[in-house]
Amino acid sequence: MTMYATMTTLALTSLIPPILTTFINPNKKSSYPHYVKSIVASTFIISLFPTTMFLCLDQEAIISSWHWATTQTIQLSLSFKLDYFSMMFIPVALFVTWSIMEFSLWYMNSDPNINQFFKYLLIFLITMLILVTANNLFQLFIGWEGVGIMSFLLIGWWYARTDANTAAVQAILYNRIGDIGFILALAWFLLHSNSWDPQQMSLLNTNPNLIPLLGFLLAAAGKSAQLGLHPWLPSAMEGPTPVSALLHSSTMVVAGVFLLIRFRHLAENNSLAQTLTLCLGAITTLFAAVCALTQNDIKKIVAFSTSSQLGLMVATIGIGQPHLAFLHICTHAFFKAMLFMCSGSIIHNLNNEQDIRKMGGLLKAMPLTSTSLAIGSLALMGMPFLTGFYSKDLIIETANMSHTNAWALSIILIATSLTSAYSTRMILLTLTGQPRFPTFANINENYSTLLNPIKRLTIGSLFAGFFITNNILPTSVPQMTIPLYLKLTALSITLLGLLTALDLNYLTNKLKMKHPPHTFYFSNMLGFYPNITHRTIPYLGLLMSQNLPLLLLDLIWLEKLLPKTISQHQISASITTSTQKGLIKLYFLSFFFPLLLILLLIT
């Protein structure tokens, strides 16, 4: 029973020595990146054994707790929960990180600080695993803040570039807003439950208040880039491509969705929280898909596809299916990491060119990268029997059978169609047609550190969904019986988007519009949201803060009230004194009347 718990602990602790060696010997050798990559690969192989044992045993979860500290009101402990979610996620995260680290050996080869880069990647992975295995809110918060600060350091890796620094600060600021919600939920549960353990919180809060649930939703919206707190995700593309791959596949962005999954029992009894989660996820998935349609930066297209898929996961939790959302997290990690690697390979070979309009004809120049990019895009669309199909098709079927919200369902279906459209557009513009890049570009993809990770993730994108779905623990939910036309909804919507993209691509080559329509600008400018929040609102605030003191202090007090008023009175007095006519009797009378008035008052 405790064998797999021991082996999991062994796997997790084996990741710590590479970090400790950097403190003992700061002047590391050039073999350090290979050492870190080998450690992560070994840890992945070790983690397969406890996961297999867990699936074979009828154990629901094992919780290992170590007492840490006791205050007057609460007992803090280091508590690790090894259940279905953590045991399935650990091998996926390790496998993807192993591939990304091997890819980084090629991509970051010329970077003088490559050792520090690998250390940051490893700490990023460890903090995510702390978050996944945590069994109390405080420990989860440590992992939560860990992935936040590591994302800040990695996005701003090329710190000499202004855009990279801005993107890193933007990421940390948007996540700070999400952290407000998390800390609000922490304080509420400490006040009302006197506990941060999920089990005790579920028992004591059978009908929980809306405030902590909104706090969790705000935290998830910040970390998983939901609508309103999403601008940091496309900006994070300023970091190195391996960072983007790790950030978007199995670490930072899925942390928010994982938080909602971990505390799903609290939201199940609150219909308003569920509805808000569903609507937020549905709007996000549509908005991100619309934005991806007109982007020309290959990394930003993949970034918006991540945001769209995260919205789909949040919407799935909103219809009460957290297990399906988790399944989509696991399947999504494979093809999303591979899409970023293929993008990085193309960018690197085309001398840092990221505009898909300046690519084309790469199918013959880079056959393996092109094949993997096509497979990853098809898996993202949800093509049958690729990895993405096993989770995406299930989500759409479940949404079809749900009577919760037809509006949200229709939005999800439209977003699915648009996903197919922008993925097809990316394939057509980058891989097919005539080359549109300079002829002197030195294209060479014959590096083992480039090909091996892409091959591994391609195999994962083909078969991982099949293996994961066959190892899902049996649940008490009865099998659904649905009509054939509903079963084929997801596939038909995907094919519709694919055909639309083909048709639009044909029109683009044949017809040239003089002026793009307003809908194009809405999509291309990301719904004008970054311009409004980052430019217009600060500008208006600055303008008001400048004008208000100017009006109150300079114009009114220093000009109108004091100098001008005094001068006006002086002018009036001088006019009065200068208009004397020499009428002595009248002047004496003017003295006499006040004296008479005073005497009357005295008497």
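Positions of Cβ are set from backbone N, Cα and C atoms, glycine also.
Note on the transmembrane segment (38-58): residues 1, 3-5, 7-8, 10-12, 14-15, 17-18, 82, 84, 87-88, 90-91, 94-95, 97-98, 101, 122, 125, 471, 473 of its chain, located 6 or more positions outside it, place their CB under 8 angstroms from a CB of the stretch. Annotation source Swiss-Prot lists transmembrane segment at 38-58 (among others), citing sequence analysis.
Residues annotated as transmembrane segment in Swiss-Prot, with sequence analysis given as evidence: 87-107 (among others). For the transmembrane segment (87-107), the residues of the chain that approach it from at least six positions outside its boundaries are 4, 8, 11-12, 33-34, 36-37, 40-41, 43-44, 47-48, 50-51, 54-55, 114, 117-118, 121, 125, 128-129, 132-133, 240-242, 245-246, 249-251, 258, 326, 329-330, 333-334, 337, 341, 344, 348, 447, 449-450, 452-454, 456-457, 460, 468, 471, judged by C-beta separation under 8 angstroms.
Annotation source Swiss-Prot lists transmembrane segment at 171-191 (among others), citing sequence analysis. For the transmembrane segment (171-191), same-chain residues at least 6 beyond its ends with a Cβ under 8 Å from one of its own Cβ atoms are 73-74, 137-138, 141, 144-145, 148-149, 151-152, 155, 201, 205, 209, 211-223, 225, 229, 231-232, 235-236, 256, 259.
The transmembrane segment annotation in Swiss-Prot covers 241-261 (among others) and rests on sequence analysis.
Outside the transmembrane segment (272-292) by six or more residues, the chain places 210, 213-214, 217, 221, 225-227, 230, 234, 260, 300-301, 304-305, 307-320, 404-405, 407-408, 411-412, 414-415, 418-419, 422, 522-523, 526-527 with a CB less than 8 A from a CB of the stretch. The transmembrane segment feature in Swiss-Prot is assigned to 272-292 (among others); the stated evidence is sequence analysis.
Non-local neighbours of the transmembrane segment (301-320) in the same chain are 220, 224-227, 230, 233-234, 236-237, 244, 248, 253-254, 256-257, 260-261, 264, 267-268, 274-289, 291-292, 295, 328-329, 332, 336, 339-340, 343, 356, 380, 392, 395, 398-399, 402, 404-405, 408, 412, 415, 418-419, 422-423, 426; each lies 6+ residues outside the stretch with a CB under 8 Å from one of its CB atoms. Sequence annotations record features per position, and here Swiss-Prot assigns transmembrane segment to 301-320 (among others).
Summarising the annotation, Swiss-Prot assigns transmembrane segment to 325-347 (among others).
The transmembrane segment annotation in Swiss-Prot covers 370-390 (among others).
What Swiss-Prot records for 407-429 (among others) is transmembrane segment, and it gives sequence analysis as the kind of evidence.
Here Swiss-Prot flags 457-477 (among others) as transmembrane segment.
Per Swiss-Prot, the feature transmembrane segment maps to 482-502 (among others).
Residues annotated as transmembrane segment in Swiss-Prot, with sequence analysis given as evidence: 537-557 (among others).
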Recorded stretch, among 241-261, 407-429, 482-502, maximising Cβ pairs under 8 Å relative to the transmembrane segment (325-347): 241-261
Intrachain neighbours beyond the transmembrane segment (241-261), with Cβ under 8 angstroms and 6 or more residues off its ends: 85, 89, 92-93, 96-97, 100-101, 103-104, 107-108, 121, 124-125, 128, 131-132, 140, 143-144, 147-148, 151, 154-155, 157, 178, 182, 216-217, 219-226, 233, 267, 277, 299, 302-303, 306, 310, 313-314, 317, 322, 325-326, 329, 332-334, 336-337, 340-341, 343-344, 347-348
